[in-house]
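Everything on this sheet refers to the single structure shown next.
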Amino acid sequence: MGFEWLALAAAFLWAIASLMSVKPAQHLGSFAYSRWRMGCTAVILSSMAWFTGGWASVEADLVTPMMLSGLIGIFIGDTALFACLNRMGPRQAGLLFSCHAVFSAILGYFLFSESMTSMELIGSALVFSGVLTAIFFGRRGQSQNQLETIKGTVWVGVALGITAAICQALGGIIAKPIMQTEIDPVAASAIRMITAFIAHSLFRLTGAKHSRALNPMNGQIFAITAVNGFLAMALGMTLILYALQEGNVGMVALLSSTTPIMLLPILWLYSKRRPNAYAWIGAIVAVLGTGILVS
């Protein structure tokens, strides 16, 4: 399977996971939810790496960069994303998070001299403009939809979403050179996740108000959190690392930013509210661009 399909598969998993995250993130709060989610995922990935022998591929000099990638991309990035999701809902948070494709492409160009062909540039422009159209204009006529309600100051939500996007881009940029080595992507993903979980745990030990759960954990919320962590992080983030082994940072980020497009039919089924024409036009444009990129 080419890196393009790996990135698209990750985007689909993130679309499902973002909708699954609404209830537990609101129940626990963004920090507590991220901590539980990362803890579950760290255990899953560590077990997978041990079972497959992936830990044997990890060399000492590769650990620190992957830890830094996890600290920035997952600890800060994911926590900011869930704080944004709590304020703006999964689709609008998805719009802001999809900006990581732009940041990644710019950083990849300057740091790794990555470039695109003329057809790839056309496909990329179609994908990104489609995502923007689907999400930015797709809210019209959805004012009664609880998943579209903005809570609190809108600019705080925007700042959190942009922070998540920048951190995701930086995390991918830091991981890119490491993924060119012989390191196993599952083990690499486990290192990132363990680091993020340790950082969250240390923050909780400070007793800071934001680190506390809004409500106690229960069996249903734990089950959703564990499944979500497996789909989005154990599978999704590992697929991204596999994609980075073959593809350039900007292209992988761009294809994985199609999550908001994939959310459209999922949200339709979930909320029983059909997305408006702008959302579908954006989706069609993005699909055309994706077709160019994977052909």
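Note that Cβ sites are derived from N, Cα and C of the backbone, with glycine treated the same way.
Those TrEMBL annotations? Automatic predictions, nothing curated.
Secondary structure of the domain 'EamA' (5-133), assigned with DSSP and counted as helix (H, G, I), strand (E, B) and coil, comes to 117 helix, 0 strand, 12 coil. Marked as domain 'EamA' by TrEMBL: 5-133 (among others).
Tertiary neighbourhood of the transmembrane segment (6-24): same-chain residues 33, 36-37, 82, 85, 89-90, 93-94, 147, 221, 224-225, 227-228, 231-232, 235-237, 239-240, 242-243, 247, 251-260, 262-263, 266-267, 270, 290, 294, selected by CB-CB distance under 8 Å and a gap of 6+ residues from either end. Per TrEMBL, the feature transmembrane segment maps to 6-24 (among others).
What TrEMBL records for 36-56 (among others) is transmembrane segment. Panel annotation: around the transmembrane segment (36-56), residues 24, 28, 74-75, 78, 184, 186-187, 189-190, 193-194, 196-197, 200, 217, 222, 225-226, 228-230, 233-234, 238 of the same chain, lying at least six beyond its termini, place a Cβ under 8 Å from a Cβ of the stretch.
For 62-86 (among others), the entry in TrEMBL reads transmembrane segment.
Feature annotation from TrEMBL assigns transmembrane segment to 93-112 (among others). Same-chain residues lying 6 or more positions outside the transmembrane segment (93-112) and placing a CB less than 8 Å from one of its CB atoms are 15, 18, 81, 84-85, 87, 124, 128, 131-132, 135-136, 157-158, 160-162, 164-166, 168-170, 172-173, 176, 248-250, 252-254, 256-260, 263.
Per TrEMBL, the feature transmembrane segment maps to 118-138 (among others).
Below 8 angstroms of C-beta separation, residues 65-66, 68-70, 72-74, 76-78, 80-81, 83-84, 86-89, 92-93, 95-100, 103-104, 107-108, 111, 192, 240, 244, 249, 252-253 of the same chain, each at least six residues beyond the ends of the transmembrane segment (150-174), sit close to that stretch. The annotation transmembrane segment is assigned in TrEMBL to 150-174 (among others).
Model confidence over the domain 'EamA' (156-294) stands at 88, taken as the mean pLDDT rounded to a whole number. Annotation source TrEMBL lists domain 'EamA' at 156-294 (among others).
Packing against the transmembrane segment (186-207) from elsewhere in the chain are residues 31, 34-35, 38-39, 41-42, 45-46, 48-49, 52, 54-55, 57-58, 62-63, 66-67, 69-71, 73-75, 78-79, 171, 175, 178-179, 233-234, 237-238, 241: each is 6 or more residues past its ends and has a CB under 8 Å from a CB in it. Positions annotated as transmembrane segment by TrEMBL: 186-207 (among others).
According to TrEMBL, the transmembrane segment annotation covers 219-244 (among others).
The annotation transmembrane segment is assigned in TrEMBL to 250-270 (among others).
Positions annotated as transmembrane segment by TrEMBL: 277-294 (among others).
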* Any residues 6+ beyond the ends of the transmembrane segment (250-270) with a Cβ under 8 Å from its own? -> 3-4, 7-8, 10-12, 14-16, 18-19, 90-91, 94-95, 97-101, 103-106, 108-109, 114, 116, 120, 124, 127-128, 130-131, 134-135, 138, 147, 168-169, 172, 240, 243-244, 279-280, 282-283, 286-287, 290, 293-294
* **Secondary structure composition of the domain 'EamA' (156-294) [DSSP: H/G/I, E/B, coil]** => 115 helix, 0 strand, 24 coil
* **Intrachain neighbours beyond the transmembrane segment (277-294), with Cβ under 8 angstroms and 6 or more residues off its ends** => 2, 4-5, 8, 119-120, 122-135, 137-138, 140, 251, 254-255, 258, 261, 264
* Asked: Short question: which residues 6 or more past the ends of the transmembrane segment (219-244) have a Cβ under 8 Å from it?
  -> 3-4, 6-7, 9-10, 13-14, 16-18, 20-21, 23-24, 27-28, 33, 36-38, 40-41, 44-45, 48, 74, 172, 175-176, 179, 185-186, 188-189, 192-193, 252, 256
